[in-house]
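Now, the feature entries from Swiss-Prot:
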| type | residues | note |
| --- | --- | --- |
| ACT_SITE | GLU83 | active site, proton donor/acceptor |
| ACT_SITE | CYS115 | active site, acyl-thioester intermediate |
| ACT_SITE | HIS239 | active site, proton donor/acceptor |
| BINDING | CYS115, THR156, THR206, HIS239, ASN271, SER301 | (3S)-3-hydroxy-3-methylglutaryl-CoA binding site |
| BINDING | ARG204, LYS244 | CoA binding site |
Amino acid sequence: MGKLLKPIKDVGIVGYGAYVPMYRIRNEEIGRVWGISNFPIEEKAVPGLDEDAITIGIEAARNALKRAKIDPKDIRAIWFGSESKPYAVKPSSTVIAEAIGATPDLEAADFEFACKAGTEALQAAIGFVASGMAKYAMAIGADTAQGRPGDHLEFTAGAGGAAFIIGEKSSETVAYFEGSYSYVTDTPDFWRRQHEHYPRHGNRFTGEPAYFHHVVTAAKTLMDELGLTPEDFDYAVFHQPNVKFPLVAARMLGIPKEKVLPGLLSGRIGNTYSGATMVGISAVLDIAKPGDRILWVSFGSGAGSDAFSIVVQDAIEEKRNLAPKVEDYIKRRKVIDYALYAKARRKYII
């Protein structure tokens, strides 16, 4: 048996949707407060006082439903990936399912795997639909990422998410999956213990042993298993903790940056963690043409990567205009100062 993950039935994306909060804080503003002058990105998205990973997931799910044009009651599974769930004990997926009118006849669960929790949910949704157990399944990745005040994570930890409704490949799918591959090891590059408020990072483990090793290995293995080369892809979306890492990974794989830039959003909204590649793919689907092939590689600390190859179909031409596009949310912005940011992110502890 080969390494490629490919279900017996062909499945695809029936609908997709993204959401990015309106507020932004510039890296210069964070640097002003902490006396730092080297910035990894321009600005990041900040959730409002009434927003969290669940509300972001709901907005993304509603947009996916608009594009799918299906009855939410036909969705038999909603799986939500996040590392910033509002409840330690209580599923976020049930709240989302209720909000979009999908209850009660469905599976629901929350997934965790750092920044690739959303694509873990996607792998499960692909298998669930392909098995014949469901007509449609929804996978969501959303986060309101946190960074310790003054830590370099504070400059990049953003907020946003995306949802994908999976169904059997048909004239209604906007793109179909050619195959996928997952690669995991026990690599301690990033963690947060129970009762700790902010995550810690393993510094020297972050780059080569973690991100680059897993992303490049997953991408290369997927291409080898499918008999494809970098030249066969029109776009590539990699996990984007910053702007630099995805471009370096692309260079290591022989992929020109022009294929990466359309889905590279972290410079403008930050690292949305579980939502990062899913929002990036949504942005690419907003502009892609039928027949375009997209390489999609997530990464989650701890560590692992999921790699997918998807091919865009004719239905994208109509469906992409049925809900707000990623660029619409990025342009809908209001810049705030550090004081309001700290209040919105509840960094003041009394």
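Heads up, residue numbers simply count up from 1 along the chain you see.
Backbone N, Cα and C atoms are what each Cβ position is placed from, and that goes for glycine too.
Positions of the features from Swiss-Prot, shown on the structure.
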residue	record	CB count, 10 Å
GLU83	active site, proton donor/acceptor	23
CYS115	active site, acyl-thioester intermediate	32
THR156	(3S)-3-hydroxy-3-methylglutaryl-CoA binding site	25
HIS239	active site, proton donor/acceptor	29
LYS244	CoA binding site	14
ASN271	(3S)-3-hydroxy-3-methylglutaryl-CoA binding site	27
SER301	(3S)-3-hydroxy-3-methylglutaryl-CoA binding site	26
DSSP three-state assignment (helix, strand or coil) for ASN271 ((3S)-3-hydroxy-3-methylglutaryl-CoA binding site): strand
CYS115, THR156, HIS239, ASN271, SER301 screened against GLU83 (active site, proton donor/acceptor), Cα within 10 Å - retained recorded positions: CYS115
Three-state secondary structure, the residue listed as 'active site, acyl-thioester intermediate' (per DSSP): strand
Recorded positions near HIS239 (active site, proton donor/acceptor) (Cα-Cα within 10 Å), from CYS115, THR156, ASN271, SER301: CYS115, ASN271
Between LYS244 (CoA binding site) and THR156 ((3S)-3-hydroxy-3-methylglutaryl-CoA binding site): CA-CA distance (Å): 12
